[in-house]
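A.B. asks: Sharing a structure below in structure tokens format, with a few things to ask.
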């Protein structure tokens, strides 16, 4: 792996130290000012793999920088997210559970080699639409081809970026694919969208909520404490409601209290699990 002999970092927010402020995988913005809060390289929780020997902005084209700026502007406006995606730093990811990794898009076949060799990834769940892949100039065919060569199952469940209603509608099928891959037990599942800050965390939180005996807040806090991000909790609540109350006489979700379906009864969880598993292969 010629390019994968690159820098990688492992970190969590819990042990953040001032002397490591210059090592960055994400940038968060303080409410009052544009403080550049950097995440350190030497902590457990999040692993960020850089695709170049010297990641940074020096070798980034103006076109690429404009794309990142436009994308991060849209993310702030539509998701009210203080986080930023830096495509030029390469693929980054976080081990959420032993069987589950959440991250940004693989950018080249060498990233697939890295996931296989370093993280024992056996399944990749891609939540991007075709237009997302085209926007970032990713050669998906080469990535899928490398997955096949390495025996990695590549799955797609597209959802529209920055769109809670799209995420809500696609969550059941996406979680169905994720839960199936986990149940196969052949290796870790890598769930990604473009930045790994919205759709991929949302699907992973829904999976933990519906299948790991957690309420929504516990599942949400578990993920964001390891990977700082801003997935839409309302989309997960809405999808939970859609699955648990699948009847024509149900009251509109919009009329329910703000915290509705942040927890479910055991019988509702079993019903949701049955309905999600029934979506396998659809």
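The backbone N, Cα and C atoms fix where each Cβ goes, and this holds for glycine too.
As annotated by Swiss-Prot, transit peptide applies to 1-61. Feature annotation from Swiss-Prot assigns substrate binding site to 83, 153-156, 161, 177-180, 194-199, 230, 245, 251, 259-263, 268. If you look up Swiss-Prot, you'll see 92-249 marked as domain 'Tyrosine-protein phosphatase'. Per Swiss-Prot, active site, phosphocysteine intermediate is recorded for 193, and the stated evidence type is sequence analysis. Feature annotation from Swiss-Prot assigns motif 'Glucan phosphatase signature motif CXAGXGR' to 193-199.
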A.B. asks: With DSSP as the reference, give the number of residues of the motif 'Glucan phosphatase signature motif CXAGXGR' (193-199) in helix, strand and coil.
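C.D. replies: Split by secondary structure, the motif 'Glucan phosphatase signature motif CXAGXGR' (193-199) comes out as 1 helix, 0 strand, 6 coil.
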A.B. asks: Just to verify: the residue among 193, 260 with the fewest other Cβ atoms within 10 Å, which of the recorded positions is it?
C.D. replies: 260
A.B. asks: Between residue 179 (substrate binding site) and the residue listed as 'active site, phosphocysteine intermediate', what C-alpha distance do you get in Å?
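C.D. replies: Per the Cα atoms, residue 179 (substrate binding site) and the residue listed as 'active site, phosphocysteine intermediate' stand 17 Å apart.
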A.B. asks: Among the binding-site residues 196, 230, which residue has its Cβ surrounded by the fewest other Cβ atoms within 10 Å?
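C.D. replies: Ranked by other Cβ atoms within 10 Å, the binding-site residues 196, 230 bottom out at 230.
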A.B. asks: Rounded to the nearest Å, what's the C-alpha distance separating residue 230 (substrate binding site) and the residue listed as 'active site, phosphocysteine intermediate'? Just drop the number here, would you?
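C.D. replies: With the alpha carbons as reference points, the distance is 13 Å.
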A.B. asks: Round to the nearest Å and give the CA-to-CA distance linking residue 156 (substrate binding site) with residue 193 (active site, phosphocysteine intermediate).
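C.D. replies: Roughly 10 Å, rounded to the nearest whole number.
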A.B. asks: Measure the Cβ-based neighbour count of residue 83 (substrate binding site), defined as the other Cβ atoms within 10 Å of its Cβ.
C.D. replies: 21
A.B. asks: What is the interatomic distance between the Cα atoms of the residue listed as 'active site, phosphocysteine intermediate' and residue 83 (substrate binding site), given in whole Å?
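C.D. replies: That comes out at 15 Å between the alpha carbons.
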A.B. asks: Out of 179, 268, which has the highest number of nearby Cβ atoms, where nearby means within 10 Å of its Cβ, if these are the binding-site residues?
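C.D. replies: Highest number of other Cβ atoms within 10 Å: 179.
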A.B. asks: What three-state class does DSSP give residue 83 (substrate binding site)?
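C.D. replies: Its secondary structure by DSSP: strand.
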A.B. asks: According to DSSP, which of helix, strand or coil covers residue 179 (substrate binding site)?
C.D. replies: helix
